[in-house]
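Feature annotation from Swiss-Prot assigns transmembrane segment to 3-23, 53-73, 80-100, 115-135, 147-167; the stated evidence is sequence analysis.
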Amino acid sequence: MNIHAVVIVLSYLIGSIPFGLILSYIGGLGDIRKVGSGNIGATNVFRKSKKLAVMTLLLDAVKGLISVLLAKIYSTDQTFAFISAMFSIIGHMFPVWLLFKGGKGISTLLGSMVLIEYKFVICFLFIWITLFAIFKYSSLSSIVSTIFVALLVYMYYTMNDTAVFIAMSLLIITQHADNIARMLSGKENKLNIGL
């Protein structure tokens, strides 16, 4: 097994660590999958604990950051950094430890992009905060922000990089399919975080 394959496997396994679930148990909240949307990500954890939600967001982001860091240590290929990020996100979405039922990948995406292009993270957060302040839908804000960053990657990176990022974006949008259906039917819950 070559080093690229090792990094990809490690990226998936790191991404698979279910910090939202672990922190919820440590914090005495029990199984977060039985609360709200049933998701293990920061948004669902927020419904029970703001502090644990922040910790979940940061740790899920670190998963992406570490995966890209490993890619950059062992390869100078920029596209490989995107691939490692994608496998970390896949791990977060489909963790082997939880029968492949995980989160939606936004925090892990942001963490991975910190080392690829931090300015895109700033753009993502600006758009997310703006849309959330207006509509109060975390899912809508995440989807639109991800699409915008995909356009930035297309404008400033190679076609190979863009292809990988589009694949990541499609995975993220697919993970939000239930949210999209609820928004279209007017049944999506708004989230109040003080914005």
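Heads up, residue numbers simply count up from 1 along the chain you see.
Any Cβ shown, glycine's included, is placed from N, Cα and C.
Among the recorded stretches 53-73, 80-100, 115-135, 147-167, the one sharing the largest number of Cβ pairs closer than 8 Å with the transmembrane segment (3-23) is 80-100. Between the transmembrane segment (147-167) and the stretches 53-73, 80-100, 115-135, Cβ pairs under 8 Å are most numerous for 115-135.
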